[in-house]
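Below is one structure, written out as structure tokens, with a few remarks after it.
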């Protein structure tokens, strides 16, 4: 089957925002106007097309990034609706990795919110071009120009309106297009009847002022336009649009639009902007990867003629078709029934069927082309971030970075029958979500699950009960602490057993030094002259890795330590891998006496929004929880406080804040970094973990 839409006419976009800014409603309207659905589903009524998991419909939030495809103005638009809640950051990250552009949805009353900052930062890291949609213009307190200013103040973004609203709150009735310099007036509730007319007299001065600002801002990014502007020449609409497109694709400029998805206003113009200003796969740099055979960098330009290369960005278990692997095709063509090579795992995989997804309904297709996003059935070994390529033309594409979990819970099955089911359920959920970890405590036999926050684990335990019918008891949440060394030291590990039978002998000298934060464990072999034979070196490293998994103070994993093996000795007969593994673990224990071991705790960036009258209470909460205030901002008669607070002190805070502010205060938190716990807290943790 031939390609239906050319690469120039393909857009892969994400819709991202702070929780509750109206992302899913916006996506719903896009599907409605592009003819994908005939009846609009409201998120707050639990009937949205994109939020198809039961928990999403109950909670009114988006958890998984549903992928869907739509058509607009002769173009194919593949849309990924991403969650706005911080506990589901990985969903945002992995969708940004495979998108070419994004629409950032703001709540026009609140402007840039904490999670907007997080997703904006992630999109900047991945170099994703964006347009901004100031939604909820019909809401009380909606302020378009405040929202635009918040993009400058909080994100330092070169963002400028290409539209202005006509009226706001209940009186929001249309939009001024600053490129055509025309007004679009909505005359019915479905937003399908739009009158284009001259700009109302009372808005002409404002429109001229913002048109001038727009031209100036765009000219700053474009030399040719700047020359025309300075010489006072007329700049045509076509020239202005072309310059906005170039600057947006180069991530130098962000067009800002306005509307109300709920009231069906502004969505079609936003779709036009997706086509006009966001890139096709041909507009962005060709993806790079490493050839596993030569270790050399290779590129894969977006073209059907190139060898097939794709990235798996999400695994999902579908009750009807089983395991689905979502993938983005960067180059080449793939037919169902053919074989590909998973270069990340070195395994050959058969593509059973290829499905094009629409939220949770699906359509089977025979072929996918460069630039497409689809799901495959039948892949057994592929996980998030794996590269799938032509067997004859291997390449490993840059993978998806997975943040470390910060919170853990103990789960135990209620009955023997639940035990086996729970193992399978947890394995499947972990396959779908790389930030969800499942471990078994070797000493107690307990199953411990870890994730990005309480809501994250709540949803997963809930899915285990609903989808896999597993009944389980869940313990109280625990913090994922870490351990490290704060000083350098040298230590010997000597292990000798020679009492009848085959003896054991291992002897090592290791220098331990603190590593940079986030660098993890690094091992260096500095042995000269074979005092420790080469075949035992990996055993020394393995011995250290295994011992570090259980720490030296309270049994927490050790991070950010360098170990340099520089001396030792061996016995011709009695030395073995096991002996050197044990010797290495003894060296670590010995080092702990003088390397100033410390326990680290996750610090959260907490953003608390509360009425001004309650500011004193909020500051008191932060101090009482060992937190430190990082900044404050007044918004009308509310105060926004940003602070770093240990995760251990944040359990149950929602209830405290609610009662202190009569339910008017809210907070968001996102993991920021690890920090040493105070000595008194460290002693308590050690005491608790040694069972005293």
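Positions of Cβ are set from backbone N, Cα and C atoms, glycine also.
Listed features, source Swiss-Prot:
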- 17-24, 81-85, 135-138: GTP binding site (BINDING)
- 8-282: domain 'tr-type G' (DOMAIN)
Conformational class of residue 137 (GTP binding site) under the three-state DSSP mapping = coil
Look up residue 17 (GTP binding site) in the DSSP assignment and report helix, strand or coil.
-> strand
Other CB atoms within 10 A, centred on residue 17 (GTP binding site) = 29
Within 10 angstroms of the C-beta of residue 137 (GTP binding site), the count of other C-beta atoms across all shown chains comes to 29
